[in-house]
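In what follows, a structure is listed as structure tokens, so that the remarks can point back to it.
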Amino acid sequence: DIEKQEFSRFPTKTGRRSLSRSISQSSTDSYSSAASYTDSSDDETSPRDKSQLNSKGSSDFCVKNIKQAEFGRREIEIAEQDMSALVSLRKRAHSEKPLAGAKIVGCTHITAQTAVRFTFFNNKLQSPDSSCSVFLMEMGCVSVFAWKGESEDDFWWCIDRCVTTEGWQPNMILDDGGDLTHWVYKKYSSVFKKIRGIVEESVTGVHRLYQLSKAGKLCVPAMNVNDSVTKQKFDNLYCCRESILDGLKRTTDVMFGGKQVVVCGYGEVGKGCSAALKALGAIVYVTEIDPICGLQACMDGFKVVKLNEVIRHVDVVITCTGNKNVVNRDQLDRMKNGSMVCNMGHSNTEIDVASLRTPELTWERVRPQVDHVIWPDGKRVILLAEGRLLNLSCSTVPTFVLSITATTQALALIELYNAPEGRYKQDVYLLPKKMDEYVASLHLATFDAHLTELTDEQAKYLGLNKNGPFKPNYYRYTSR
């Protein structure tokens, strides 16, 4: 029952958004004194307790240090160089103003790349020293509530501040994980009923939306961006194919040639991770629940196994499912000394990290985002980013891929906001295929690619419009 679920039971996104979140937890966590983690900043004052003003004299934000704004601007300028498609769409949006009157509240990663997305709405945005959480925006105004080292309480406080800002009420939601949507749904039902549309980009968030829809409790139309081709194929597959190695190498310096690795899940993320590790010479096993994905893994040359069959001898375990307790305490107990476990899925619940916070186990910080969990017999297992998303916690995500996803999200917002009454009912929809193709076409220019055009005769033979869409909405380019 959606109504009865506690928010703590939703797979939260705090860790996934944070690039370098402090690993400090509540005093009830059973850490050794050697593993008392704090943020690396010399200033331990909570941003919630600071009084800061931006260049326009406004205090309607909460970040770690607004004085870092100029540095943020330079970071944005670097990101813009590989986000030319989004920048070109931004110019058009500033001219045509398709979101005039839109009041968007969002919850997503806060990086230089996502700051470029915000400039879609405001071309004077600066990105201060913040790495996760929530933003609210109108055309010409963006307020960010986010900082590196947020606690769980800080995370929900940031969301609440965005929703309850005085003199401002959102009419659109841009979400990545479902936390914001469910907070508004449960805490502010009157606000939720006035929302004109929701855009959601993650598998977990989409799952929650479908739950609400099935229960008849989704009172606004929602756009499932996660299952759009330009999200699945590029963000999930190509992005993870590169960022998995970046995250693993930065944190451990391990050589993967000859290492035995098990990848849990062979969706788009699992496919990207498996391909990258195989290319380095690793011996890769795959676990799957879906026979179609399992067969794909076999055809791609991977051995499909149950985790319990290989857990004792593999060197690395990588979760890519978006599910919970994919790696449980019993399996962690059976991993060999020196093995490594990490998560590339959406949620921070895939690895049962909570079960490792017990008195008999010792936590030892090795370096930022790298912990040794030590068993009584001296066995050590390397845990990366406390089970949160590896690439965003320990490395970076390719800018070009984020341009594709951000452009898709922007078009989804424009579509929902400007759709005539009756086009979208109180349900979850896929992005129209024509828009998917438009996003792809904008990015082809980066490669100086030239598409072949159908002749009139060919278009008639196929029953297509020469300008697309070239596939029906139900067709999936993705390999899942």
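Cβ from N, Cα, C; glycine included.
Curation plays no part in TrEMBL annotations; they are all automatic predictions.
Noted in TrEMBL for the protein shown:
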BINDING   THR111, ASP176, GLU201, LYS231, ASP235  substrate binding site
BINDING   GLY267, GLU268, VAL269, GLY270, LYS271, GLY272, GLU288, ASN391  NAD(+) binding site
COMPBIAS  20-39  compositional bias 'Low complexity'
DOMAIN    236-397  domain 'S-adenosyl-L-homocysteine hydrolase NAD binding'
REGION    1-57  region 'Disordered'
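Shown on the structure are the features that TrEMBL records.
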| residue | record | Cβ neighbours (10 Å) |
| --- | --- | --- |
| THR111 | substrate binding site | 23 |
| ASP176 | substrate binding site | 25 |
| GLU201 | substrate binding site | 25 |
| LYS231 | substrate binding site | 27 |
| ASP235 | substrate binding site | 26 |
| GLY267 | NAD(+) binding site | 23 |
| GLU268 | NAD(+) binding site | 25 |
| VAL269 | NAD(+) binding site | 28 |
| GLY272 | NAD(+) binding site | 23 |
| ASN391 | NAD(+) binding site | 27 |
Fewest other C-beta atoms within 10 angstroms, as judged across GLY270, GLU288, which are the binding-site residues: GLU288
So what's the average pLDDT for the domain 'S-adenosyl-L-homocysteine hydrolase NAD binding' (236-397)? 94
Around the C-beta of LYS271 (NAD(+) binding site), how many further C-beta atoms are within 10 angstroms, looking at every protein chain? 27
Nearest to GLY267 (NAD(+) binding site) by C-alpha distance, among the binding-site residues THR111, GLU201, LYS231, is LYS231
So which binding-site residues out of THR111, ASP176, GLU201, ASP235 end up within 10 angstroms of VAL269 (NAD(+) binding site), measuring C-alpha to C-alpha? ASP235
Residues GLY267, GLU268, VAL269, GLY270, LYS271, GLY272, GLU288, ASN391 [recorded NAD(+) binders]: greatest CA to CA distance in Å: 22
Among THR111, ASP176, GLU201, LYS231, ASP235, the record's substrate-binding residues, the widest C-alpha separation in angstrom comes to 18
